[in-house]
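Reviewing the structure listed below.
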Amino acid sequence: MATLTASTQKTAPPGFLTHPAVRKLLALAIAAAILVPLAVTQWGGATWPSALTVDVSEPLGRASDWIIDNRDSHPLFLYFFGHVSNVVVLAVRAVYLALLAVGWAGVTAIGALVAWRVAGVRLALGTAVAFLACGLLGMWVPTMQTLALMVVAVLASVVVGALLGLAAGLSDRMDRVLRPVLDTMQVLPAFAYLLPVVLVFGIGVPAAVLATVVYAAPPMARLTSLGLRGADKEVLEAVESLGTTARQRLLTARVPLARKELLLGVNQTIMMALSMAVIASVIGAGGLGDRVYQALASVDVGAALAAGIPIVLLAVVLDRVTGAAGEQHDGEPGRSPLTWLYALGAAAAVAVAGRLAGFLDWPDGWEVNIAEPVNRAVDWMTAHLYSGVPVVGGTADWAAHFTSWVLNPLRDGLQWLPWWSVLLAVAALAWLIGTWRTALTAVLAMAAIGVLGVWTPSLDTLSQVLAAVAVTLVIGFATGIAAARSDRFERLLRPVLDVFQTMPQFVYLIPVVALFGVGRAPAVAAAVVYALPAVVRITTQGLRQVDPAALESARSLGATSGQQLRQVQLPLARPALLLAVNQGVVLVLAVVIIGGLVGGGALGYQVVFGLAQGDLASGLVAGAAIVCLGLMLDRVTQPTARRTRKGA
Amino acid sequence: MRVRTTAAVASAAALTLLTGCGAADMTKQASPFANARGAKTVTLSVQSWVGAQANVAVAQYLLEHELGYRVDTVQVDEVPAWDALSQGRVDAILEDWGHPEQEQRYVEDKGTIAAGGDLGVTGHIGWFVPTYFAKKHPDVTDWKNLDKYADLLRTAESGGKGQLLDGSPSYVTNDKALVKNLDLDYQVVFAGSEAAQITQIKQFAKEEKPFLSYWYTPQWLFEKVPMTEVKLPPYKEGCDADPEKVDCAYPVTPLQKYLNADFAKKGGRAADLLKRFKWTTEDQNQVSLMIAEQKMRPEEAAKKWVDSHESVWKAWLS
């Protein structure tokens, strides 16, 4: 705020009306003064007027019935979807059989050698240990299933993403069409992608792979386009002056110059694909995610953990190795192909040796059963920490208090508010932080929720998101400030944040069920834990990037460190803080939705219900509402700065 | 532009080549993980309740150790499992609680699913209160008196009304319609999963608190927390035909098995075993208790039961 007042003082005439925020609010107030009385006389009441809803569940239900009845006869399915589905099944099966044929010793050796060539000895060791740990936990076969699915999904995503990115990078018109779509896809919760593919392909691996591709391709497309557009103009001109054709320029200059972005895109795609491949277990992806899902359904925390650890290990290893690939090639020239040859030869030798020695299946005797001790620990915890702990109360008591003192009032408050006032609040917030465009999108998205007839459950979800965001921001800003002020604390924090940021959303559900039982409170808790790392990181970076000269001058004026923080650092880091809020909101929504699996209710529950009952109509409506809610939350918190920076 | 069209044509051609020209049958969609490396694989749908896990554990143990199959289990909810079964992604469902609509569509109309006979267990769904509560207030076991106790059964999640605890959203349930049509002062609260519901019930029982819950027999939890059924208006044939207007109790259901039609014909000894698989409520409860209460791994529990009941399962193999 300090910067804002400063700027008005500079442009000066004391006119209070020239202040941009006031002007915006005033315009909005005038619009409201005209529209609200109209709306109220026409459709009173607090919830969205039923006259303005459109019942889409019936046509959707008919569509779903039609698909099931015609799946084995209609040419669209016979000649198109059927083939797509078969190709996916064949590809996944081929990779899976290849992995099994190489055997566990071979897979571990190949993984380690690739990691060694790309990223050095430490990561190679880490990779080997990670694979062995998967085997030790008795999860070798599920890990290979997930890996097979991932390989196919990632390849498809990278190809699709790179093609889209190429189109957007080379053609301005394509870019204008694609960018808003990709921007929007980026903020949507993974869960919303599941239903449409299930509608067409039914439960199973093809649906899971396709949902993963849709979810994981956008970052690749964005980064490819960014890399192509960001290429150094002078280099391009130099290449052009050599009389090259457009295709030569693309292949010899623009693509190599964009290598860093391309590799970052691959890295992002892999992480998103892993996260989705796990969530897709809800629609029959099999593998590790299915084990977690099965274990969660029986609140078997130990078994869930045994399947969750390999997921985390896979995520960390894949992230580090692909990340290292992006950094390493940046400066030095590529290493000699000969060492690669040696590495591959060694891997092949190990694989053959493993095969001959009969080391194909993970030996039964080598499994460590961690489920039992973990479950004993959880039982002890629920028995002793769950409730009735003197003074502090148990975790279940906290959850109950949080539900009845924070979540319930918030939900009831939101649902008590008349619908037009909610729209008005959304418009005001979005316009104050962003532009009239973002405000319009936000209001339209919110109105669409009403039209779909899921106003009440959407506000329930919204209340959970708001509560979780509030908690996340308080903890996140506090931690971020602490990390920005103390180098040692930041060093301690960094590896923790790294690990937390690479974990798939699904994994967070396990510990919260153990601690908080079932309901909305555990969903909120999982969301907070998931969103915290990003918020902490952005806050720390923002505070650290504050101009040192400004800090120095404040210090020379004798400001205490608290004053420096409040009056210099925080105001100057405002864009970063807003970005942190935006990211926090988007991440929280993603997990609050998945919270439907642990009793979070509202929209997430409706999606789960739709999937569970095969009632795709209600699930799809809820999915659409989630999309609108995500859009609204993103636009409301989207600072203008982000726009301009991205456009540059 | 030209490059892109060439690429599109090329990829389309590749797709056609890969798949062979002609129609692809969406009704035959085996799991890509099935039959790996020449092993004969059976894929069983395992539902989330422990009784179903017990069925699958025993069937899996026998298929693997007596007949040499590899068994994959997939967790699919009840209704999607029917669809997966018809597409061949799953070979068998061992315990179905009655889905007339799906039965009509897949068994009668499309013929992609074959009935697999009785499981031998009879199921019944109902509303239950803990016996310690019913002893103190005997009249709670009639639905007409439930409103009197709504205050006692209030929780943070149920708001101002009494709480009727339901389990997984995927289970067969008419509870929302029942509460509405019987005009009860109750709110249906879904725990999200059966395990969560059991955890909740056990917490209530530990503190001897009253609760009202959707529950079903046979269920091993009755051994741990004795419960008494609340009488709902009696079930009459067809009174639950319209899901919106249900106002009667749940029926008594002989639980059924269903097999994929192709698997039933060509599944060899595995299909024969699954068709003959039939045991009693006590048998199922015994295995369920081992899995859920003694926290044994399903395969260990199955082994223990198989070792001591040779005469029962020998009949399934012949």
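These residue numbers are counts, starting from 1, taken along the chain as shown.
The backbone N, Cα and C atoms fix where each Cβ goes, and this holds for glycine too.
TrEMBL annotations:
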type     : residues  : note
TRANSMEM : A:25-45   : transmembrane segment
TRANSMEM : A:147-170 : transmembrane segment
TRANSMEM : A:191-217 : transmembrane segment
TRANSMEM : A:269-288 : transmembrane segment
TRANSMEM : A:295-318 : transmembrane segment
TRANSMEM : A:338-357 : transmembrane segment
TRANSMEM : A:416-433 : transmembrane segment
TRANSMEM : A:439-458 : transmembrane segment
TRANSMEM : A:465-486 : transmembrane segment
TRANSMEM : A:506-532 : transmembrane segment
TRANSMEM : A:576-604 : transmembrane segment
TRANSMEM : A:616-636 : transmembrane segment
Positions on the same chain near the transmembrane segment (A:25-45), where near means CB under 8 A and six or more residues out: 17, 51-52, 418-420, 424, 427-428, 431-432
CB contact flag for the transmembrane segment (A:191-217) and the transmembrane segment (A:616-636), at least three pairs under 8 A: yes
Same-chain residue ranges lying at least 6 outside the transmembrane segment (A:616-636) that approach it to Cβ under 8 Å: 56-58, 60-61, 64, 184, 187-189, 191-192, 194-196, 198-199, 426, 429-430, 433-434, 438-439, 441-442, 445-446, 448-449, 452-454, 457-458, 461-462, 465, 582, 585-586, 589, 593, 603-604, 606-607, 609-610
Distal contacts, the transmembrane segment (A:416-433) - CB-CB under 8 A, six or more residues away: 21, 24-25, 28, 32, 35-36, 39-40, 44-49, 439, 441-443, 446-447, 450, 455, 459, 578, 632, 635-640
Distal contacts, the transmembrane segment (A:269-288) - CB-CB under 8 A, six or more residues away: 139, 142-143, 145-146, 149-150, 153-154, 157-158, 161, 190-191, 193-194, 197-198, 203-205, 207-209, 211-213, 215-217, 219-220, 307-308, 310-311, 314-315, 318-319, 322, 502, 504-507, 594, 597, 608, 611
